[in-house]
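Accompanying notes for the structure given below.
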Amino acid sequence: MQAACWYVLFLLQPTVYLVTCANLTNGGKSELLKSGSSKSTLKHIWTESSKDLSISRLLSQTFRGKENDTDLDLRYDTPEPYSEQDLWDWLRNSTDLQEPRPRAKRRPIVKTGKFKKMFGWGDFHSNIKTVKLNLLITGKIVDHGNGTFSVYFRHNSTGQGNVSVSLVPPTKIVEFDLAQQTVIDAKDSKSFNCRIEYEKVDKATKNTLCNYDPSKTCYQEQTQSHVSWLCSKPFKVICIYISFYSTDYKLVQKVCPDYNYHSDTPYFPSG
């Protein structure tokens, strides 16, 4: 009698038969439904095991279909970097004291909207002129877009004097003591992750007209130096520290970029 009943249900409601068989196989706890549509029948006989199976299958299909979309959302094009020669050529054009030439058109470092640059304070320029020394320092920052950035400096001087250009934490004290200028406190080392990547100094001598008396000839020394720094996370703020010493002039200067310009979190100096 039970088999006949199942046979009638198969003819009248094949959907109910299939779901009910699955239910009996899993636990045998289902009962025959006396009335109601196939939609309400599915609602009542949907067991926990069937629910888990269907939901897991649905989730697997959903995530499997969106794997490529996630990769595409996270991927960005690699920025077009400057070559080393392009950077030094640009700095040479900027530091040419004899015949200033217009700055060549530069290629964009990154494609707009691909990722946020860490720094946006651009180029650095410092010009110092005294009776015995003419000094021009230019710098450029290049954001690589991968959590690191490089800072390039070039200095061109004519005359006698000592010049030092370096990167320091914002807590660095401005002082004339040469012995303490290169010391970085231990508490700053965690937020200052920069190192010298390249350094070169070229010197030459020549006789030119004296600045204080054009009728006389003076012995002058010409110096050109190149230095590049590579910085990476973690870091907070970096500052440019310039120390200049000559027989008639001394200067120590610390220049910090506008950190609020390139960061969502304002920087509040301390110490």
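Counting begins at 1 with the first residue displayed.
Quick reminder: no glycine exception, Cβ is built from N, Cα and C everywhere.
Here is what Swiss-Prot says about this protein:
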type	residues	note
SIGNAL	1-21	signal peptide
REGION	22-97	region 'II'
CARBOHYD	Asn23	N-linked glycosylation site
CARBOHYD	Asn68	N-linked glycosylation site
CARBOHYD	Asn93	N-linked glycosylation site
REGION	98-176	region 'III'
CARBOHYD	Asn146	N-linked glycosylation site
CARBOHYD	Asn156	N-linked glycosylation site
CARBOHYD	Asn162	N-linked glycosylation site
REGION	177-185	region 'IV (linker domain)'
REGION	186-271	region 'V (Cys-rich)'
So what's the average pLDDT for the region 'II' (22-97)? 45
Test of understanding: give the count of other CB atoms lying within 10 angstroms of the CB of Asn162 (N-linked glycosylation site). 13
Glycosylation sites (Asn146, Asn156), the one with most neighbouring Cβ atoms at 10 Å: Asn156
C-alpha of Asn156 (N-linked glycosylation site) to C-alpha of Asn146 (N-linked glycosylation site): distance in Å? 31
Where Asn146 (N-linked glycosylation site) and Asn162 (N-linked glycosylation site) are concerned, what is their Cα separation in Å, rounded? 36
Simplified DSSP label at Asn162 (N-linked glycosylation site) comes out strand
